């Protein structure tokens, strides 16, 4: 018998089964089933969040005076509407949940890398200037110090490993689910779900700790850009995804709290509630995000006041910001970052 057991097998650790299309026997809220209530409440919250972020993007694309900074800001913000949309689709169509939910982490990885690239832009506009600046800094370690540019290169590797890991995990999740060895119904170690979630969690926590280290050692350089406020606005979202994932894993496999009842089905407990929470949480967090990444910093009048020369910055977003939207959707920065990380790994292994 292999590590993973197929659903419905005869082994001691065969995957249990649940009917994801099952309807509750009794209404839960005001004559409505919890599923219907959840669809309405979560759908309204998700729609609000999407409209808030779209309005936020429109303000940036119509004040697009710094393409490198604002392109990364918009890529970071893109995670929020994608997150609530996938969450709502997951609770609305529980059967497709195991196939689409892992792709949240792919977009999460893209946003985290975009945030790291934004911090890199704050330090210096290009890699050569950034390395030259950081080379003059000594980063303290447990034993001795490390040259700043070498230290930053290690941080680069730790951040850009996540999109590769997240993409592979999303692919493997879909494959193992189709093969019957993923087992959405159990978090036991005999199924692929446990290991894929574990590897994703480790990879994500590495990025999280790396960003904390960057702020710790480069605080003076980043403070002028209010980078900590921006990090907090994004960190809360990532923190909630991690904590809630751990909490639901404990509740699902180690307690009887989420057992089906006459008003709540298995899908309501295990898919509906975990995906309802992000939709509701993003309502206030999207507003906080808009405040933290306000477009006013990039208005012509504001930037002209901040510039030492007399040249007034101009907006480069095009009609209704079409150029800015294309820049936001351009993944070349992510691919270059991944390739550079691989080059650094190969250089250090030689």
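Just so it is clear, glycine is given a Cβ too, placed from its N, Cα and C backbone atoms.
Annotated in TrEMBL:
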type	residues	note
TRANSMEM	35-57	transmembrane segment
TRANSMEM	78-97	transmembrane segment
TRANSMEM	103-124	transmembrane segment
TRANSMEM	156-182	transmembrane segment
TRANSMEM	194-215	transmembrane segment
TRANSMEM	227-251	transmembrane segment
TRANSMEM	271-293	transmembrane segment
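By the count of Cβ pairs under 8 Å, the stretch nearest in packing to the transmembrane segment (271-293) among 35-57, 78-97, 103-124, 156-182, 194-215 is 35-57. Against the transmembrane segment (78-97), the recorded stretches 156-182, 194-215, 227-251 differ in Cβ pairs under 8 Å, and the greatest number is found for 227-251. Ranked by the number of CB pairs under 8 Å to the transmembrane segment (194-215), the listed stretches 35-57, 103-124, 156-182, 227-251 are led by 156-182. Beyond its flanks by at least six residues, the transmembrane segment (227-251) meets 76, 79-80, 83, 108, 111-112, 115, 118-119, 122, 187, 197, 201, 204-205, 208, 211, 215, 219, 257-258, 270, 274, 277-278, 281-282, 285, 288-289, 291-293 of its own chain at Cβ-Cβ distances under 8 Å.
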